[in-house]
Ligand SMILES: Nc1ncnc2c1ncn2[C@@H]1O[C@H](COP(=O)(O)OP(=O)(O)OP(=O)(O)O)[C@@H](O)[C@H]1O
Ligand SMILES: [Mg+2]
């Protein structure tokens with residue numbers, strides 16, 4: 001870009017830096033966006049993307065840096081000021097207040113209600129009532145409400161921080177379409193995601209951050225993915241390891257966990273499935289088809305209303321998660337806010353399950369514990385620069401802690417609900433490898449994912465749930481995205497037969 | 001204009017903030033020394049071995065009662081019945097001594113405190129009553145029971161055993177004997193809160209109960225044990241305190257209740273749970289005790305003294321929280 005460039009950019013940030021104590025979150029971050037553009041902000045977990053968004057929208061004050069909005073030098077001192085300048089964020093963590101109703105939350109931010117409703121409907125959420133309490137809504141809905149609220153304020157620049165990470169395919173699709181349509185109407189969007197397919201679908205350019213520094217800015221074109229990944233990681237990522245067919249036990253022999261005609265909550269109606277030892281069984285479903293209830297029932301969080309669960313042919317019933325854990329079923333919840341001790345250290349979070357039982361209330365064997373924790377941190381490449389309090393970790397690193405906990409504890413049956421939410425490419429591969437490895441050692445894994453491309457990468461088979469029932473079982477090897485997508489929309493085989 | 005100019009000036013403050021956030025006990029020590037300094041300045045020569053011994057002697061029961069608050073506050077709770085439990089233990093013990101003798105009287109005295117703790121624990125853990133309401137309720141009920149009890153024992157009188165008086169008021173080599181009880185207890189609590197499963201679970205429950213449940217913790221077990229333990233510590237505090245005051249009454253320990261909460265808060269324990277520890281509480285109790293002496297020395301009317309006391313506590317706590325909070 002030359003100095004005489006006629007078009008001034010809508011937003012131009014240069015040389016932004018931000019430290020938290022000893023942690024350098026941003027070193028030298030820059031970003032420019034023109035009217036009507038969608039710019040992807042990319043970077044590994046902990047690269048500083050969320051911090052950058054918070055700085056740009058006045059939630060954090062930078063240590064250094066210039067921000068120009070429509071060519072004018074500005075200091076964005078507070079979120080309200082950012083809003084007046086036309087900058088609206090959707091942060092990585094849901095930001096509506098849980099103890100208030102939807103309507104009260106809208107009132108707090110002066111959001112026009114009619115516009116809000118319009119966007120909620122447009123984005124595919126049905127049956128939302130304005131007097132619903134935020135705390136009672138599922139995570140995916142909250143994300144959509146955050147977006148609808150931002151859109152209703154008619155921003156010039158929309159900053160979306162991992163908006164789609166917790167969303168199932170159908171909603172992702174709607175979000176992408178809406179965002180692209182808005183950009184075509186002249187709105188600008190800064191878009192953060194770890195899913196390259198989404199970036200390729202809607203973005204014009206990608207700005208890449210590495211260790212808090214902008215290391216590249218390139219147009220999105222076919223084949224750019226490798227380049228971006230290389231910039232992000234600073235090294236070339238090896239080819240995705242091809243699945244070793246031999247590790248798949250593919251549902252042979254006796255079932256380890258047998259579920260029959262399970263019903264729970266209002267959504268889960270009739271699910272039967274067999275989970276074998278050494279198997280990774282995927283679960284594929286659109287938003288709200290009963291998958292949440294399935295996992296919660298298996299984890300002892302809610303009581304099934306009908307049906308049976310048997311482990312090694314012994315019927316079980318859980319009245320508390322501790323019962324499920326005693327039976328070998330461990331649960332990684334989809335919403336990490338439900339899984340983490342935010343004000344405690346990474347160490348204490350990872351060690352927690354090992355202290356749960358009364359017999360472990362006594363003295364802790366510190367050395368053994370430290371070793372286990374270190375192994376989990378190492379295995380998942382958790383960024384430990386801010387490990388004193390989990391809430392200071394980046395989103396992806398928090399997610400790793402929820403998984404790391406059960407690796408340290410050792411698992412028999414692992415219930416993973418969207419475990420790679422917000423995790424970068426490299427660590428995703430680590431997690432697939434880890435899951436495969438656990439399976440190879442004889443563990444069983446039930447793996448719900450909102451990202452269909454994960455099914456062939458991590459699973460042996462996948463059950464498809466639609467309307468609270470299993471409608472299909474697919475061999476992971478045959479599971480390309482279109483097939484899975486059709487199945488998820490309930491467009492295949494007859495219902496009812498056990499997986 | 002770059003942002004550089006505007007950050008220069010708060011930088012040192014930020015540094016201090018970070019240092020304090022990493023070592024939360026240091027500003028408390030500094031404050032304590034500062035108060036002692038002021039005291040010495042106002043009354044040169046007052047700070048001597050005798051005064052130090054006395055301060056410690058009076059800070060110990062407060063710190064012990066504040067242990068109940070600290071531990072319950074770590075889980076997001078509180079124990080407003082602790083002072084009543086302590087009073088009951090002291091009163092029942094002293095009135096039982098003439099009837100059953102010292103050892104048995106001590107055991108009988110501790111029973112109602114533990115019982116109160118178990119009831120609190122049951123209410124909080126199983127019935128899910130908020131700890132504030134639950135412990136306030138048991139405190140009131142227990143006070144009533146104590147008054148009824150008093151009518152039955154009014155004839156037999158009360159005796160404070162020599163052993164407790166020795167522990168409460170005596171000194172050895174200039175140091176209060178109550179340290180013999182307090183030091184092991186404090187060491188045990190500080191060790192337990194970091195290095196035992198039970199201690200960790202207090203923090204875990206205070207930080208996120210759902211997450212703890214998912215990890216297999218059964219919160220009721222922890223709450224029941226916690227409040228029972230709090231009752232026991234309160235009971236022991238009562239026995240020590242009556243040894244110090246030597247006159248059992250129906251409201252013996254009650255004036256220490258709010259200071260015990262204040263000691264925990266000043267010491268950096270969050271009333272919302274999940275943060276803090278007993279080390280800070282001990283310093284908090286010492287600070288409050290020294291502050292009390294200081295205000296007595298200023299010859300002010302009682303009302304003004306209390307106002308000043310309250311103001312100082314508010315100011316200190318606000319500044320402290322500001323400093324230890326991660327700077328934005
Ligand atoms: N309040 C804070 N205190 C201390 N460190 C912090 C704080 N907030 C963020 N950090 C650190 O700053 C770095 C960048 O975090 P940031 O959340 O911006 O990463 P990110 O690129 O959004 O990562 P992710 O993809 O995982 O969401 C991390 O190392 C994080 O630990
Ligand atoms: Mg982030």
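Using the three backbone atoms N, Cα and C, a Cβ is placed for every residue, glycine included.
Annotation comment: TrEMBL describes B:25-42, B:62-93, B:99-119, B:131-153, B:173-192, B:222-244, B:281-300, B:306-323 as transmembrane segment.
Long-range contacts of the transmembrane segment (B:99-119) within the same chain, counting only residues at least 6 positions beyond its ends with a Cβ under 8 Å from a Cβ of the stretch, are 81, 84-86, 88-93, 138-139, 142, 145, 153, 156, 161, 163, 224, 227-232, 234-236, 238-239. Segment contact holds for the transmembrane segment (B:25-42) and the transmembrane segment (B:281-300), given three or more CB pairs below 8 angstroms at sequence separation of 6 or more.
The transmembrane segment (B:62-93) makes contact with the transmembrane segment (B:281-300), as judged by at least three Cβ pairs under 8 Å among residues 6 or more apart in sequence.
Outside the transmembrane segment (B:131-153), and at least 6 residues removed from its termini, the chain residues within Cβ reach (under 8 Å) are 72, 76-85, 87-88, 91-92, 95-96, 99, 112, 116, 119-120, 123-124, 227, 250.
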